[in-house]
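Chemist: Following this message is one structure expressed as structure tokens.
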Amino acid sequence: MASGNSTNDRGNEVLVKENLNVRTLILNRPRQLNALSFQMVSQLLELFLAYEKDSTVSLLIMKGEGRAFCAGGDVATLVRDVAKGHWRLGAKFFWTEFILNYVIATYTKPQVSILNGIVMGGGAGVSIHGRFRVATENSVFAMPETSLGLFPDVGASYFLSRLPGFFGEYVGLTGARLDGAEMLACGLATHFVPAMRLPLLEDALSKVNTSDPAVVSAIIDEFSQEPALKDKSAYHRLDIIDWCFSRRSVEEILSALEGEAAKGTDDWISTTIQSLKKASPTSLKNSLRLFREGRLQGVGRCLIQEYRVCCHVLRKEISKDFFEGCRAILLDKDRNPKWEPSQLELISDNMVERYFSKVDDEEWEDLKFPARSNLPVHAMAKL
Amino acid sequence: MASSSSSSLDRVSWRALVLSRHLQQPTDSSFQSLESSVCLQYSPPEGNLEFDVREMRKLNDGHNFEDRDWLFGLLIQSNLFCPRNSGGKIFVSADYNQSMEQQREITMKRIRFLLDRGVFKGWVTDRSPEGELRKLALLDVLGIFDHSLAIKIGVHFFLWGGAIQFFGTKRHHEKWLKDTEGYLVTGCFAMTELGHGSNVRGIETITTYDSNTGEFVINTPSESAQKYWIGGAANHATHTIVFSQLNINGRNQGVHAFIAQIRDLDGNICPNIRIADCGHKIGLNGVDNGRIWFDNVRIPRENLLNSVADVSPDGQYLSSIKDPDQRFAAFMAPLTSGRVTLSTSAIYTSKIGLAIAIRYSLSRRAFSVSGSGPEVLLLDYPSHQRRLIPLLAKTYAMGFAGNYLKKIYVTRTPKTSKTLHIVSSAFKSTFSWHNMRTLQECREACGGQGLKTENRVGNLKGEFDVQTTFEGDNNVLMQQVSKTLLAEYISAQKRKRPFQGFGLEHMNDPSPVIPAQLSSSVLRSTKFQMDIFCLRERDLLKRFAADVSQREAQEGKAYAFLLSYQLAEDLARAYTERTVLQAFFESETCLSEGPHKNVLGLLRSMYAMICLEEDASFLRYGYLSIENAATVRKEVMKLCSELRPHALSLVGTSNWSSMSRYYGALWYTSWVPAGVLQFRLRVTVGYEDGKWVLAPKVLPADRKAGVIYDMGVQISDIAKEGCSHCDKGQWK
């Protein structure tokens with residue numbers, strides 16, 4: 001979630017490098033950590049659709065300019081737009097972004113994302129759904145939306161819910177940061193390549209003239225390593241994560257964690273509890289419900305549901321937490337959001353249900369995807 | 001001799017050739033190995049369905065959606081439930097190839113896992129309607145995963161736990177319920193005996209009271225009195241409810257229930273208890289059914305479950321209900337839970353079968369109508385629609401009826417217990433029969449693919465067959481339905497009072513009149529459908545009453561009812577189908593106008609039409625003229641084609657698909673290179689012989705998805721085993 005002013009060089013926010021059968025898409029807003037503007041998601045969508053039809057293109061590479069891959073959607077601009085005008089401006093951003101996520105998730109040609117730096121929120125949306133995700137020692141992955149009053153979107157209810165056990169609930173609810181080794185271990189990344197070998201990898205990939213994933217995978221394999229997990233990695237705690245985060249409700253998850261904390265001092269558990277307590281209670285409840293439904297649905301249904309929740313969030317009818325979160329974290333930067341409702345117990349199932357219902361507005365419609373005819377089965381699931 | 005050795009040399013070199021070809025992988029990249037057939041391509045329709053499947057799922061499940069999703073997720077994320085990734089979806093289903101011992105052990109492990117995750121919280125301690133509904137929802141989910149798991153849990157919580165809740169009093173609740181919920185004790189339910197199943201009142205186990213020690217003494221007096229089919233008894237249960245005749249001071253007071261310990265905490269069988277295993281079964285092998293003998297087992301006086309009758313320390317029998325018949329009825333009334341859960345689990349299982357068969361029929365093609373045209377999707381054949389879509393409509397109807405049954409179960413009062421008894425009996429029988437019939441049809445509708453264990457339908461047939469006879473034999477239960485209706489009829493006639501209850505109020509109105517000419521719009525009207533179902537029911541009830549009373553005069557009272565069994569069957573069916581239709585209609589009425597309501601209207605009409613077509617009563621007793629019966633038959637066909645476009649969405653709601661297969665045997669290309677494609681096929685029979693056939697025509701570069709291309713391959717030869725000495729490997 002990067003903040004920042006819009007840049008002057010709108011036209012160059014996505015750079016394209018052409019190389020025989022390979023196209024490299026470079027997210028190019030380094031000062032905003034490559035946060036996705038509306039312009040960028042629209043351009044990416046156009047490019048993806050065009051390359052799918054273009055038989056000379058067999059492989060896409062996506063990477064970021066500078067030290068981030070992509071820090072998320074350009075939320076600050078979004079919030080300003082919504083404040084100025086109608087909530088629909090914001091909805092249009094999410095609409096386009098989610099369609100892009102869907103196209104990536106169902107893409108017929110391989111995409112290699114080089115995640116050499118920050119990958120958060122919307123950045124995960126344009127990479128994790130793709131076929132190959134290359135992490136490095138510089139990778140930092142997080143879905144920090146619950147602390148912003150939003151929820152892990154961009155299809156996270158699909159890909160987080162498919163991580164081993166209940167690791168996805170942990171990552172999505174607490175906003176915990178993962179490094180490259182952890183990304184590889186849990187499956188968010190498919191490969192780990194040391195950053196210094198990236199130029200060689202890109203060079204090798206630029207010569208690819210087939211869409212055969214086995215060929216692409218073999219090339220990346222040549223540069224890959226098996227990094228060791230840090231001793232303190234949360235991934236070593238899968239047992240405890242499964243035990244606590246498999247509970248039926250956020251309240252029960254918290255009390256299971258507190259039960260574990262009572263057994264002895266443990267920094268990791270207290271940090272985890274703290275993150276949950278700092279997050280928007282409404283966000284936590286919406287997120288958990290999205291993960292639980294998403295685990296049983298295809299990526300399309302997940303995005304449709306996320307879009308509904310997004311629209312309700314933008315309309316501020318049920319809670320204004322997203323705008324309060326942006327104020328506290330991105331604008332005023334007092335880092336002290338006043339969530340409303342302030343307690344998990346004050347949020348009834350009915351309130352959550354309202355977020356999941358259709359928006360009561362004649363002009364509103366559910367997310368609609370472009371036709372993807374004869375999808376091969378692999379296009380539906382790459383994780 | 002010489003010729004023979006030369007021929008054997010030929011054979012050796014031919015085998016070598018076959019083997020080397022077999023090992024050799026084609027390296028030429030212009031050849032795609034045959035994985036794909038255009039006619040089998042299938043794109044999962046996501047997001048753009050005719051109606052909102054999320055809403056339809058809610059109508060189907062009725063309650064506790066989030067609890068269900070949570071539990072499904074819990075199963076999917078644990079290796080204990082055998083998750084299998086297929087096409088990006090996780091499928092969980094029990095492994096029925098495991099031995100009986102393995103199935104029993106893993107079922108118990110799964111229970112421990114669910115216990116640790118808090119699934120059983122409140123299952124016997126929370127008796128609010130909300131708590132009961134939550135429990136029923138979670139049991140639905142477990143039953144979708146594996147019948148054994150649901151039954152094993154059902155025995156412990158619903159039978160053992162339920163007996164303590166309902167037959168016991170405060171002292172039993174305090175002592176046992178919390179331990180039951182935490183599985184500190186594992187319970188079973190020893191009612192059935194070798195000689196007595198549905199006839200519980202005839203059991204032979206006998207219990208006396210010893211006032212010197214303040215103990216009951218339970219005894220198995222004969223081989224036919226051994227407890228049989230007791231779920232949990234063979235391996236895991238530590239305690240049991242024992243049903244036994246109670247003999248006090250030489251007088252038999254009828255059937256009572258006691259608590260007895262059968263194993264100690266280390267799993268050793270207690271003294272004076274003998275246990276044997278019931279062995280391998282056609283299904284449900286995850287449940288350890290056993291046989292128990294009691295050799296004068298002594299239990300404390302407090303272990304009598306004394307809600308309706310007690311024995312004082314000095315050995316006096318005390319009961320608030322004097323009549324043993326009434327006492328027995330009051331005693332058994334709370335045990336309807338089993339029939340409630342079986343009814344809904346039968347429906348969920350039919351849904352699994354139909355989801356598999358309908359998805360298969362939308363991906364598999366067979367024969368082309370015109371010589372060169374594309375092959376036709378199975379579900380586009382009207383005859384295939386007729387096989388599956390009426391079963392789909394029935395399953396929907398019964399699903400709504402199942403939700404109605406749950407509602408009357410969780411809000412039951414002593415006043416509604418009779419209604420609950422006959423509705424649950426009627427539904428358990430009808431739905432379990434429907435399930436067996438549906439599974440068989442689905443298995444056949446999947447063709448050869450239906451035979452695979454992976455397809456699930458075949459296993460489900462074995463797993464769910466038992467539902468037709470346990471918790472009361474279906475035929476016996478259906479007779480009880482008619483018997484109860486008859487008693488109500490006689491009582492209303494005698495006292496000259498209007499009918500009240502069992503949904504028989506329509507009998508107070510004048511008999512409905514069926515129009516002489518039935519048009520499509522009349523056939524689809526709720527009024528006509530309810531009218532003709534009510535007409536059948538009221539007429540059959542009158543005929544049954546007349547028949548029984550006529551036979552009573554001739555054959556005597558005891559035998560009359562037995563001889564009227566044909567009308568009893570017809571009546572019970574009429575009662576059930578009318579109740580189901582009414583439940584469907586009531587669920588439909590609460591909906592606002594829209595695509596859901598439209599499609600449900602079609603399904604309801606289909607349900608009504610198929611009942612009209614299938615039950616010979618309508619013609620036998622003239623509720624339908626021969627001409628109108630033909631009109632009904634045409635309407636079935638019309639409804640089939642109108643429901644055809646909705647078929648996938650109707651089985652596409654998440655509660656239908658989440659535990660079933662996405663694909664039958666579909667071949668698809670993982671990676672389609674651009675440009676012109678040429679195919680070659682390897683035609684084999686047996687293990688290692690075979691022949692490559694090159695398709696004379698190519699797949700053009702500008703090919704379109706969903707269009708069929710003829711590759712021009714024609715195989716005219718009959719495949720032969722490659723080891724035959726006369727086969728020179730030369731194919732025509």
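Cβ atoms here come from the backbone N, Cα and C positions, even for glycine.
Below are the features I grabbed from TrEMBL:
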ACT_SITE  B:Glu471  active site, proton acceptor
BINDING   B:Thr192, B:Gly231  FAD binding site
DOMAIN    B:642-711  domain 'Expansin-like CBD'
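Please go over these features one by one and say how buried each is and what sits next to it.
Modeler: Under the three-state DSSP scheme, B:Glu471 (active site, proton acceptor) falls in the coil class. Proximity of B:Glu471 (active site, proton acceptor) to non-local residues of its own chain (separation of 6 or more, Cβ distance below 8 Å) is seen for B:Gly338, B:Arg339, B:Leu342, B:Lys428, given in sequence order.
The Cβ of B:Gly231 (FAD binding site) has B:Ile151, B:Lys152, B:Val155, B:Cys188, B:Phe189, B:Val287, B:Asp288, B:Asn289 as same-chain neighbours under 8 Å, each 6 or more residues away in sequence.
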Chemist: Tell me which residues of the chain lie with their Cβ under 8 angstroms from that of B:Thr192 (FAD binding site), as long as they are six or more apart in sequence?
Modeler: B:Lys227, B:Tyr228, B:Trp229, B:Ile230
Chemist: Quick one: what's DSSP say for B:Thr192 (FAD binding site), helix, strand or coil?
Modeler: coil
Chemist: Secondary structure at B:Gly231 (FAD binding site) (DSSP, helix/strand/coil)?
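Modeler: For B:Gly231 (FAD binding site) - judged by DSSP and reduced to three states - the answer is strand.
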Chemist: Averaged across the domain 'Expansin-like CBD' (B:642-711), what pLDDT does the model get? Just tell me the whole number, please.
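Modeler: Over the domain 'Expansin-like CBD' (B:642-711), the predicted model scores a mean pLDDT of 56.
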